[in-house]
Amino acid sequence: MAAPCARSSSTNTREVSSASASEDVKDTATPDVHNTAMKIERAREVYGAYTGTVGKPTKGETWLWYLYELCSYFIHTTLVPVLFPLIISQIFHSPAEPAGDLVMNRKGLLCGADQMRMYDAITNKSINISNAKFSPLEWTSLSWGIGLILAAPILGSISKYLDHGQKPQIIPAAAIAVGAFFCLPTGFFNVHWIFPPYIAAIIAGSTVAMASHTRQLGHMIRGFTGPINQRKQFQLRRGVSSWLSLYATAAGCLGAALMSAFSYQMLRREERRFVALWVVSIFSGLKWLVGISHIITIKPTSSTTPASSISSIAHLLSIFNYPHALGTVIVSFLSSFTTMCIFTSTVLYLLGDLCIKPVFILFFWLLYFLFPLISLPLMQPIQLVIKVNAMKMHLFGFLLSLLTSGLMGFSHKNNTWQRQNVLGLAVLQGTSAGLLHAFGRVLIIDCSPQGKEGVFSSWFSWGRALGSCIGFAVASTIPGNVRTSFGVAFCTAISGAILLIYGNISDFGGAMAARLVSEEYGQEGSPVAGLDTAGNVVTKDVEEGTPS
């Protein structure tokens, strides 16, 4: 009896053990799958931080990036150099009104009386500060410079947060909000001394926002083409970067044309012109504020290095370790100087020396800003067909500026410009300004290593704004001498072209130095086990990110 009982007990024990083991398997099956999924997700995060891989931008994100250019490009091309001098000039009493509807200018041409009063109002040194006198144009350029001085330490301190912060969208949101706000109260106080704070805040805000916008271009390109490309894939990167930047610039030109037409329409009101121009400033601020919506597309950086552990000075000065990027900043300064000097001096010459009717000046503005809507998109397929890099496209922009400044400044220096000459200048120079802006942005991004797009974009943004400020100041100081202004612009364009050719500046060389291009990408492997197929991942992203 004992043996059967023992066997029965043993059998029961085995059954209980088997049941217990089965229950353990059931209990641990789900946690194992869950843990595996978490490990895979964590591996992807680590791998993304290691390679700098970002998701491909959606069409909505791309259009919102274009939208900000549409809503902000006019700030440095229309709002500050055109609208603010006109508003400041309305504060002071105009010179004594001449008898009749026509008056003779210093070149012996008959001009409209109202047109000459407007020209005299913006060029006369009517602002007295101690022993110095300034015209509204010079007062604007001085305020512009103050804004750049204000923007410099801001850019230096926030650049590391653009690159390594977890909420980089706060920076452009604050900059746009502050700048747009100061567009609203420009007519509250009818005094000249209030405009330097207004203009300085607008310039500082737009410069900071431009740095963030340019940095975002780098992340979008990385999303389309992958973080690191093989040599044979770099032509695809060129196509994507030029496609994004050219179409954004075209959108910006459309926005500038709209604001130019609106400014002209409000300027036609002879009564309460100050209030009419104030309305333009209000709408400018509201339009700029619409562009703030693009910040929802700005994603936190994938960097594992916290911004608090990075030295602001070391991060800011890191551009000096990359000669291609530093050269691009200098070239961008020269290009913006050239285009702004030519644009400002041409408008002043048409208004005060040639006595061109105001409606024709409107045609010049519209052609200058609208023709790039046709010419710039055409440049992208041409660039891909003939396989021209960003440096050569930038050089082509300088050559167009050399053609306009040399032809109109030297060949026609003793002749009165004909209308067909003016329209030809608008076509060529408008295209030149668009090309220099678009491909300057592409060059700086191609030369920016991963994790430094923000600081390099800050240098680029400030350098471009400084060039525009000085170019405007030069043309404003000598409003009656267009040949000198064109001569200075000609020299700066030559300097920029020489620097591009002999300064060893190229998009491919800069990308190699920034380690964005590898001969055999993926050989070093990944720090995450099982994710060593980097080349396959990038190739797939490149194929999916080809613009249609």
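Including glycine, each Cβ sits where the backbone N, Cα and C put it.
The region 'Disordered' annotation in TrEMBL covers 1-34.
The compositional bias 'Polar residues' annotation in TrEMBL covers 7-21.
Taken from TrEMBL, the feature transmembrane segment covers 66-88 (among others).
The transmembrane segment annotation in TrEMBL covers 141-158 (among others).
Long-range Cβ contacts of the transmembrane segment (170-189) within its own chain (Cβ-Cβ under 8 Å, at least 6 residues beyond either end) map to 72, 75, 79, 84, 87, 158, 161-162, 195, 197-198, 201-202, 204-206, 208-209, 212-213, 274-275, 277-278, 281-282, 284-286, 288-289, 291-292, 295, 298. For 170-189 (among others), the entry in TrEMBL reads transmembrane segment.
Summarising the annotation, TrEMBL assigns transmembrane segment to 240-262 (among others).
For 274-292 (among others), the entry in TrEMBL reads transmembrane segment.
Annotation source TrEMBL lists transmembrane segment at 329-352 (among others).
Sequence annotations record features per position, and here TrEMBL assigns transmembrane segment to 359-379 (among others).
Summarising the annotation, TrEMBL assigns transmembrane segment to 391-410 (among others).
The transmembrane segment annotation in TrEMBL covers 422-439 (among others).
Taking Cβ pairs closer than 8 Å, the transmembrane segment (459-478) reaches residues 76, 80-81, 85, 135, 137-138, 140-141, 144-145, 148, 151-152, 155, 203, 206-208, 210-211, 214, 319, 325-326, 328-330, 332-341, 344-345, 348, 437, 440-441, 444, 484-485, 488-489 in its own chain, all 6 or more past its ends. Here TrEMBL flags 459-478 (among others) as transmembrane segment.
Below 8 angstroms of C-beta separation, residues 323-324, 327-328, 330-331, 334-335, 337-338, 341-342, 344-345, 391, 394-395, 398-399, 401-402, 405-406, 408-410, 443, 471, 474-475, 478 of the same chain, each at least six residues beyond the ends of the transmembrane segment (485-505), sit close to that stretch. Positions annotated as transmembrane segment by TrEMBL: 485-505 (among others).
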- Task: Select the range from 141-158, 274-292, 329-352, 359-379, 422-439 that forms the most Cβ-Cβ pairs under 8 Å with the transmembrane segment (66-88).
- Result: 274-292
